[in-house]
Amino acid sequence: MALSTKGQGMSEKDTSGTPGLGSSGAVNAILMLEILLNPGSTIYLQFIIPVRAALVGLFIIGTDLFRVWQGNSKVSGSTHLGGLAVAAIAYGRIKKGRL
């Protein structure tokens, strides 16, 4: 990590080149599993705006794919897509009655 105070304020640049790992992949897996199990349910954005869970799921997947395609983001889209893969596997096992 390198910090720079050039320009307008302080910015942080990751020079390691490896995607960060944290709890966001696990949180994304739980959220996506809930969306896969109940796609017609309503999720309230900011506790006010009602949105169908399937639309929220598509937005999350699209955002993560864009992050991977862009390649230079503080948030690891590949980690989130890994969480989606885990959710899809768990969903398949739940539907087959194995989980």
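Positions of Cβ are set from backbone N, Cα and C atoms, glycine also.
Keep in mind that this is a model prediction, so the values were computed, not measured.
Annotated in TrEMBL:
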- 1-22: region 'Disordered' (REGION)
- 16-89: domain 'Peptidase S54 rhomboid' (DOMAIN)
- 20-37: transmembrane segment (TRANSMEM)
- 49-69: transmembrane segment (TRANSMEM)
- 75-94: transmembrane segment (TRANSMEM)
Could you give the residue numbers and ranges of same-chain residues that sit at least 6 residues beyond the transmembrane segment (20-37) on either side and whose C-beta is under 8 angstroms from one of its C-beta atoms?
14, 53-54, 56-57, 60, 64, 74-76, 79-80, 82-84, 86-88, 90-91, 94
Same-chain residue ranges lying at least 6 outside the transmembrane segment (49-69) that approach it to Cβ under 8 Å:
28, 31-32, 34-36, 38-43, 75-78, 80-81, 84
Tell me, what is the mean pLDDT of the domain 'Peptidase S54 rhomboid' (16-89)?
89
